[in-house]
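Engineer: First the structure, which I've put down as C-alpha coordinates, then a few questions once you've had a look.
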Amino acid sequence: MSEQKNGTEPKKAFVIGFPISHSKSPIIHNHWLTSKQLSGKYEKISVDPHDLKNFITGFAQDGYLGGNITIPHKETVLEHVDVIHPTAKRLKAANTLWIEDGKIHADNTDGYGFLANIDQNKPNWDQNDPIKKALILGAGGASRPIIDGLLERGFQIAVTNRTKARSDAIVDLFNDLGFEGQVYAIDWKERSNVLSDRSLLVNTTALGMTGQPELEIDLKTLSEDALVTDIVYSPLKTDLLLQAEKQGNPIVDGLGMLLHQAVPGFERWFGSRPEVTDHLRKLVLSA
Ligand code: ATR
(Lines of atoms letter the chains of each structure in order from A and count residues from 1; the text may use other names and numbers.)
(Lines give C-alpha, C1' and ligand atoms only; values in the text may rest on other atoms or scores of the structure.)
Protein backbone atom coordinates (compact mmCIF):
# COMPACT_ATOMS: atom_id res chain seq x y z
CA MET A 1 0.00 0.00 0.00
CA SER A 2 1.39 3.40 -0.92
CA GLU A 3 0.36 7.00 -0.62
CA GLN A 4 0.89 9.82 -3.02
CA LYS A 5 2.51 13.09 -2.10
CA ASN A 6 0.24 16.09 -2.01
CA GLY A 7 1.37 19.43 -3.34
CA THR A 8 1.80 21.37 -6.52
CA GLU A 9 4.62 19.39 -8.10
CA PRO A 10 4.09 18.46 -11.76
CA LYS A 11 2.71 14.98 -12.37
CA LYS A 12 5.56 12.52 -12.81
CA ALA A 13 5.90 9.06 -14.35
CA PHE A 14 8.91 6.84 -15.05
CA VAL A 15 10.28 4.01 -17.13
CA ILE A 16 12.57 1.64 -15.24
CA GLY A 17 14.89 -1.01 -16.62
CA PHE A 18 18.48 -2.21 -16.31
CA PRO A 19 20.02 -0.95 -18.53
CA ILE A 20 17.58 1.78 -19.56
CA SER A 21 19.61 4.20 -21.69
CA HIS A 22 18.19 2.81 -24.96
CA SER A 23 14.54 3.43 -24.04
CA LYS A 24 12.54 5.58 -26.43
CA SER A 25 9.59 5.87 -24.04
CA PRO A 26 10.59 9.35 -22.73
CA ILE A 27 10.45 10.71 -26.30
CA ILE A 28 6.91 9.38 -26.70
CA HIS A 29 5.47 10.55 -23.37
CA ASN A 30 7.24 13.91 -23.29
CA HIS A 31 6.00 14.60 -26.84
CA TRP A 32 2.42 13.89 -25.70
CA LEU A 33 2.86 16.09 -22.60
CA THR A 34 4.16 18.97 -24.72
CA SER A 35 1.60 18.65 -27.49
CA LYS A 36 -1.24 18.55 -24.94
CA GLN A 37 0.31 21.43 -22.96
CA LEU A 38 0.22 19.38 -19.77
CA SER A 39 2.68 20.09 -16.99
CA GLY A 40 4.17 16.71 -16.35
CA LYS A 41 7.44 14.82 -16.53
CA TYR A 42 8.35 11.34 -17.74
CA GLU A 43 11.76 10.13 -16.60
CA LYS A 44 14.08 7.27 -17.48
CA ILE A 45 15.46 5.62 -14.32
CA SER A 46 18.02 2.83 -14.12
CA VAL A 47 16.99 0.39 -11.38
CA ASP A 48 19.27 -2.48 -10.48
CA PRO A 49 17.32 -5.72 -9.82
CA HIS A 50 18.49 -5.60 -6.17
CA ASP A 51 16.82 -2.20 -5.74
CA LEU A 52 13.53 -3.07 -7.45
CA LYS A 53 11.51 -3.66 -4.26
CA ASN A 54 12.68 -0.37 -2.70
CA PHE A 55 11.92 1.53 -5.87
CA ILE A 56 8.42 0.08 -6.32
CA THR A 57 7.39 0.49 -2.69
CA GLY A 58 8.80 4.03 -2.58
CA PHE A 59 7.88 5.66 -5.89
CA ALA A 60 4.56 7.11 -4.71
CA GLN A 61 6.28 8.89 -1.80
CA ASP A 62 8.73 10.30 -4.33
CA GLY A 63 5.83 11.88 -6.21
CA TYR A 64 5.46 9.45 -9.13
CA LEU A 65 1.99 8.46 -10.34
CA GLY A 66 3.31 5.27 -11.93
CA GLY A 67 5.36 4.24 -14.89
CA ASN A 68 6.54 1.70 -17.40
CA ILE A 69 8.53 -1.40 -16.61
CA THR A 70 10.98 -2.95 -19.01
CA ILE A 71 13.63 -5.67 -19.11
CA PRO A 72 14.61 -7.27 -16.72
CA HIS A 73 11.81 -6.23 -14.32
CA LYS A 74 8.61 -7.15 -16.16
CA GLU A 75 8.09 -10.41 -14.26
CA THR A 76 9.66 -9.70 -10.86
CA VAL A 77 7.78 -6.42 -10.46
CA LEU A 78 4.60 -8.43 -9.83
CA GLU A 79 6.00 -9.52 -6.43
CA HIS A 80 5.88 -5.92 -5.21
CA VAL A 81 2.51 -4.56 -6.42
CA ASP A 82 -0.92 -4.63 -4.74
CA VAL A 83 -3.31 -5.33 -7.64
CA ILE A 84 -2.44 -7.42 -10.71
CA HIS A 85 -4.90 -6.92 -13.57
CA PRO A 86 -6.05 -9.96 -15.59
CA THR A 87 -3.78 -9.58 -18.65
CA ALA A 88 -0.66 -9.18 -16.50
CA LYS A 89 -1.80 -12.11 -14.36
CA ARG A 90 -2.21 -14.35 -17.41
CA LEU A 91 1.16 -13.34 -18.85
CA LYS A 92 2.97 -13.22 -15.48
CA ALA A 93 4.52 -9.96 -16.65
CA ALA A 94 3.62 -6.26 -16.44
CA ASN A 95 4.78 -3.19 -18.33
CA THR A 96 2.57 -0.51 -16.77
CA LEU A 97 2.04 0.55 -13.13
CA TRP A 98 -0.22 3.20 -11.65
CA ILE A 99 -1.59 4.24 -8.28
CA GLU A 100 -5.32 3.92 -7.70
CA ASP A 101 -7.02 4.29 -4.31
CA GLY A 102 -3.60 4.27 -2.67
CA LYS A 103 -2.66 0.90 -4.19
CA ILE A 104 -0.09 0.00 -6.83
CA HIS A 105 -1.81 -1.53 -9.87
CA ALA A 106 -0.04 -3.49 -12.62
CA ASP A 107 -1.12 -4.41 -16.14
CA ASN A 108 0.40 -5.46 -19.45
CA THR A 109 -0.38 -3.32 -22.51
CA ASP A 110 1.95 -5.01 -25.04
CA GLY A 111 -0.81 -7.14 -26.60
CA TYR A 112 -3.08 -4.09 -26.75
CA GLY A 113 -0.26 -2.17 -28.48
CA PHE A 114 0.27 -4.94 -31.02
CA LEU A 115 -3.43 -5.07 -31.96
CA ALA A 116 -3.98 -1.30 -31.87
CA ASN A 117 -1.10 -0.86 -34.32
CA ILE A 118 -2.67 -3.22 -36.85
CA ASP A 119 -6.16 -1.81 -36.18
CA GLN A 120 -4.92 1.71 -36.95
CA ASN A 121 -3.11 0.71 -40.15
CA LYS A 122 -5.55 -1.90 -41.49
CA PRO A 123 -9.00 -1.07 -40.04
CA ASN A 124 -11.29 -4.12 -39.63
CA TRP A 125 -8.47 -6.42 -40.71
CA ASP A 126 -9.57 -9.22 -38.36
CA GLN A 127 -13.31 -8.80 -39.01
CA ASN A 128 -12.62 -9.26 -42.71
CA ASP A 129 -10.43 -12.30 -42.07
CA PRO A 130 -12.47 -15.50 -42.56
CA ILE A 131 -9.48 -17.73 -41.67
CA LYS A 132 -8.02 -16.30 -38.46
CA LYS A 133 -4.96 -18.51 -38.37
CA ALA A 134 -1.61 -17.02 -37.38
CA LEU A 135 1.98 -18.19 -37.47
CA ILE A 136 4.07 -16.61 -34.73
CA LEU A 137 7.84 -16.69 -35.23
CA GLY A 138 9.58 -16.70 -31.85
CA ALA A 139 8.71 -17.72 -28.30
CA GLY A 140 10.53 -15.06 -26.26
CA GLY A 141 8.93 -12.56 -23.89
CA ALA A 142 7.56 -10.49 -26.76
CA SER A 143 5.52 -13.36 -28.22
CA ARG A 144 3.26 -14.00 -25.22
CA PRO A 145 1.24 -10.78 -25.13
CA ILE A 146 0.82 -10.97 -28.91
CA ILE A 147 -0.51 -14.53 -28.72
CA ASP A 148 -2.75 -13.54 -25.80
CA GLY A 149 -4.21 -10.62 -27.78
CA LEU A 150 -4.76 -12.74 -30.88
CA LEU A 151 -6.55 -15.45 -28.87
CA GLU A 152 -8.96 -12.79 -27.57
CA ARG A 153 -9.67 -11.94 -31.21
CA GLY A 154 -10.45 -15.60 -31.98
CA PHE A 155 -7.25 -16.65 -33.76
CA GLN A 156 -5.78 -20.14 -33.87
CA ILE A 157 -2.07 -19.93 -33.41
CA ALA A 158 0.93 -21.93 -34.56
CA VAL A 159 4.13 -20.89 -32.80
CA THR A 160 7.61 -21.78 -33.96
CA ASN A 161 10.93 -21.10 -32.28
CA ARG A 162 14.57 -22.08 -32.78
CA THR A 163 14.55 -23.58 -29.28
CA LYS A 164 11.57 -25.93 -29.33
CA ALA A 165 11.32 -26.15 -25.52
CA ARG A 166 10.29 -22.47 -25.42
CA SER A 167 7.46 -22.85 -27.93
CA ASP A 168 6.30 -25.97 -26.05
CA ALA A 169 6.28 -23.92 -22.84
CA ILE A 170 4.04 -21.34 -24.51
CA VAL A 171 1.64 -24.06 -25.62
CA ASP A 172 1.55 -25.35 -22.02
CA LEU A 173 0.95 -21.84 -20.67
CA PHE A 174 -2.06 -21.21 -22.91
CA ASN A 175 -3.40 -24.74 -22.39
CA ASP A 176 -3.34 -24.02 -18.65
CA LEU A 177 -5.20 -20.77 -19.30
CA GLY A 178 -8.02 -22.71 -20.97
CA PHE A 179 -7.07 -22.26 -24.63
CA GLU A 180 -6.50 -25.98 -25.15
CA GLY A 181 -5.79 -26.83 -28.79
CA GLN A 182 -5.82 -23.20 -29.95
CA VAL A 183 -2.03 -22.77 -29.66
CA TYR A 184 0.33 -25.40 -31.03
CA ALA A 185 4.04 -25.65 -31.72
CA ILE A 186 5.74 -26.27 -35.06
CA ASP A 187 9.40 -27.11 -35.72
CA TRP A 188 11.52 -24.07 -36.58
CA LYS A 189 12.82 -25.75 -39.73
CA GLU A 190 9.22 -26.16 -40.95
CA ARG A 191 8.44 -22.43 -40.77
CA SER A 192 8.33 -21.90 -44.56
CA ASN A 193 6.19 -25.03 -45.09
CA VAL A 194 3.21 -24.12 -42.93
CA LEU A 195 2.26 -20.78 -44.45
CA SER A 196 -0.36 -21.75 -47.03
CA ASP A 197 -3.36 -21.72 -44.64
CA ARG A 198 -2.21 -18.73 -42.54
CA SER A 199 -3.89 -15.32 -42.71
CA LEU A 200 -1.38 -13.63 -40.39
CA LEU A 201 2.40 -13.95 -40.01
CA VAL A 202 4.16 -12.21 -37.10
CA ASN A 203 7.89 -12.03 -36.44
CA THR A 204 8.52 -11.66 -32.68
CA THR A 205 12.19 -12.69 -32.85
CA ALA A 206 15.14 -10.32 -32.93
CA LEU A 207 16.05 -11.60 -36.41
CA GLY A 208 16.14 -8.89 -39.06
CA MET A 209 16.98 -6.17 -36.56
CA THR A 210 20.00 -4.00 -37.39
CA GLY A 211 23.05 -5.90 -36.13
CA GLN A 212 21.23 -9.27 -35.93
CA PRO A 213 21.16 -12.08 -38.51
CA GLU A 214 18.42 -11.97 -41.15
CA LEU A 215 15.27 -14.00 -40.72
CA GLU A 216 15.31 -16.70 -43.36
CA ILE A 217 11.84 -17.60 -44.55
CA ASP A 218 10.33 -18.28 -47.95
CA LEU A 219 6.92 -16.62 -48.30
CA LYS A 220 5.97 -17.96 -51.74
CA THR A 221 3.18 -20.23 -50.43
CA LEU A 222 1.60 -17.47 -48.34
CA SER A 223 -1.82 -16.48 -49.68
CA GLU A 224 -1.88 -13.00 -51.18
CA ASP A 225 -4.31 -11.61 -48.58
CA ALA A 226 -2.26 -12.74 -45.59
CA LEU A 227 -1.07 -9.88 -43.39
CA VAL A 228 2.60 -9.79 -42.45
CA THR A 229 3.87 -7.86 -39.47
CA ASP A 230 7.11 -7.56 -37.52
CA ILE A 231 7.85 -6.29 -34.03
CA VAL A 232 11.30 -5.19 -35.20
CA TYR A 233 11.25 -1.50 -36.20
CA SER A 234 14.94 -0.89 -36.81
CA PRO A 235 15.04 -1.01 -39.81
CA LEU A 236 11.44 0.09 -40.19
CA LYS A 237 10.99 -2.21 -43.18
CA THR A 238 12.70 -5.46 -42.34
CA ASP A 239 13.64 -7.97 -45.03
CA LEU A 240 10.53 -9.94 -44.02
CA LEU A 241 8.30 -6.94 -44.73
CA LEU A 242 10.11 -6.13 -47.97
CA GLN A 243 9.72 -9.70 -49.18
CA ALA A 244 6.00 -9.69 -48.26
CA GLU A 245 5.42 -6.30 -49.88
CA LYS A 246 7.19 -7.42 -53.05
CA GLN A 247 4.77 -10.29 -53.50
CA GLY A 248 1.76 -8.06 -52.84
CA ASN A 249 0.89 -8.94 -49.23
CA PRO A 250 -0.39 -6.27 -46.84
CA ILE A 251 2.26 -5.32 -44.26
CA VAL A 252 2.39 -3.43 -40.96
CA ASP A 253 5.70 -2.36 -39.41
CA GLY A 254 6.55 -2.71 -35.71
CA LEU A 255 7.02 0.91 -34.68
CA GLY A 256 3.34 1.45 -33.96
CA MET A 257 3.32 -1.35 -31.36
CA LEU A 258 5.87 0.58 -29.29
CA LEU A 259 3.81 3.74 -29.60
CA HIS A 260 0.38 2.21 -28.93
CA GLN A 261 1.48 0.19 -25.88
CA ALA A 262 2.31 3.56 -24.28
CA VAL A 263 -1.22 4.98 -24.70
CA PRO A 264 -3.02 3.37 -21.70
CA GLY A 265 -0.28 4.35 -19.23
CA PHE A 266 -0.22 7.98 -20.37
CA GLU A 267 -3.98 8.18 -20.06
CA ARG A 268 -3.91 6.77 -16.51
CA TRP A 269 -1.11 9.03 -15.25
CA PHE A 270 -1.91 12.28 -17.01
CA GLY A 271 -5.68 11.94 -17.52
CA SER A 272 -5.85 12.47 -21.27
CA ARG A 273 -5.83 9.89 -24.06
CA PRO A 274 -2.98 10.55 -26.51
CA GLU A 275 -2.86 9.85 -30.24
CA VAL A 276 -0.35 7.95 -32.29
CA THR A 277 0.40 10.26 -35.20
CA ASP A 278 2.79 10.27 -38.15
CA HIS A 279 4.58 13.17 -36.50
CA LEU A 280 5.29 11.01 -33.42
CA ARG A 281 6.50 8.14 -35.62
CA LYS A 282 8.99 10.46 -37.32
CA LEU A 283 10.13 11.90 -34.00
CA VAL A 284 10.87 8.45 -32.55
CA LEU A 285 12.56 7.25 -35.74
CA SER A 286 14.85 10.26 -35.89
CA ALA A 287 15.88 10.02 -32.22
P1 ATR B 1 12.52 -11.52 -25.41
O2 ATR B 1 12.20 -12.46 -24.30
O3 ATR B 1 12.74 -10.11 -24.97
O4 ATR B 1 11.57 -11.61 -26.57
P5 ATR B 1 14.60 -13.30 -26.14
O6 ATR B 1 14.31 -14.22 -25.04
O7 ATR B 1 16.05 -13.05 -26.43
O8 ATR B 1 13.97 -11.88 -25.96
O9 ATR B 1 13.87 -13.86 -27.43
C10 ATR B 1 14.24 -13.49 -28.68
C11 ATR B 1 13.60 -14.41 -29.73
O12 ATR B 1 14.42 -14.34 -30.89
C13 ATR B 1 13.55 -15.88 -29.31
O14 ATR B 1 12.44 -16.46 -29.92
C15 ATR B 1 14.86 -16.40 -29.89
O16 ATR B 1 14.89 -17.80 -30.12
P17 ATR B 1 15.48 -18.78 -28.97
O18 ATR B 1 14.41 -18.95 -27.96
O19 ATR B 1 15.78 -20.05 -29.71
O20 ATR B 1 16.70 -18.11 -28.43
C21 ATR B 1 14.87 -15.67 -31.21
N22 ATR B 1 16.20 -15.64 -31.79
C23 ATR B 1 17.23 -14.84 -31.44
N24 ATR B 1 18.30 -15.10 -32.23
C25 ATR B 1 17.93 -16.09 -33.10
C26 ATR B 1 18.58 -16.78 -34.17
N27 ATR B 1 19.84 -16.51 -34.52
N28 ATR B 1 17.87 -17.72 -34.85
C29 ATR B 1 16.59 -18.00 -34.52
N30 ATR B 1 15.92 -17.37 -33.51
C31 ATR B 1 16.58 -16.43 -32.81
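Glycine is treated like the rest: Cβ placed from N, Cα and C.
Just so you know, TrEMBL annotations never went through curation; they're auto-generated.
Since we're looking at a predicted model, the values are computed, not measured.
The domain 'Shikimate dehydrogenase substrate binding N-terminal' feature in TrEMBL is assigned to 15-97. Marked as shikimate binding site by TrEMBL: S23, K24, S25, T70, N95, D110, Y233, Q261. The active site, proton acceptor annotation in TrEMBL covers K74. The NADP(+) binding site annotation in TrEMBL covers G138, A139, G140, G141, A142, N161, R162, T163, K164, A165, R166, I231, G254. Summarising the annotation, TrEMBL assigns domain 'SDH C-terminal' to 254-276.
I'd like to know what surrounds each of these features in this structure.
Structural biologist: Looking at the domain 'Shikimate dehydrogenase substrate binding N-terminal' (15-97) alone, the prediction's average pLDDT is 97.
Around K24 (shikimate binding site), the same-chain residues six or more apart in sequence whose CB sits under 8 Å from its CB are L258, V284, A287, listed in sequence order.
The Cβ of K74 (active site, proton acceptor) lies under 8 Å from the Cβ of A93, A94, N95, N108, G141, each on the same chain and at least six residues away in sequence.
Neighbour density for G254 (NADP(+) binding site): within 10 A of its CB lie 23 other CB atoms from the protein chains shown.
In terms of DSSP helix, strand and coil, the domain 'SDH C-terminal' (254-276) has 14 helix, 0 strand, 9 coil.
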Engineer: Can you give me the Cα-Cα distance between G254 (NADP(+) binding site) and Y233 (shikimate binding site) in Å, rounded to a whole number?
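Structural biologist: Distance between the two Cα atoms comes out at 5 Å.
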Engineer: Does any of K24, K74, Y233 have a Cβ within less than 6 Å of an atom of ligand 1? These are the recorded positions; tell me which, or none.
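Structural biologist: Listed by sequence, the hits amount to none.
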Engineer: For S23 (shikimate binding site) and R166 (NADP(+) binding site), determine the Cα separation and express it in whole Å.
Structural biologist: 26
Engineer: On a simple 10 Å Cβ count over all chains shown, which one of the binding-site residues S23, Q261 is most densely packed?
Structural biologist: Q261
Engineer: Can you check which residues sit near G138 (NADP(+) binding site), meaning Cβ under 8 Å from its Cβ, same chain, 6 or more apart in sequence, and list them in order?
Structural biologist: V159, T160, N161, N203, T204, T205
Engineer: As a test of the contact definition, list every same-chain residue at least 6 positions from R166 (NADP(+) binding site) whose Cβ is closer than 8 Å to its Cβ.
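Structural biologist: In sequence order, the residues whose Cβ lies under 8 Å from that of R166 (NADP(+) binding site) (at least 6 apart) are A139, G140.
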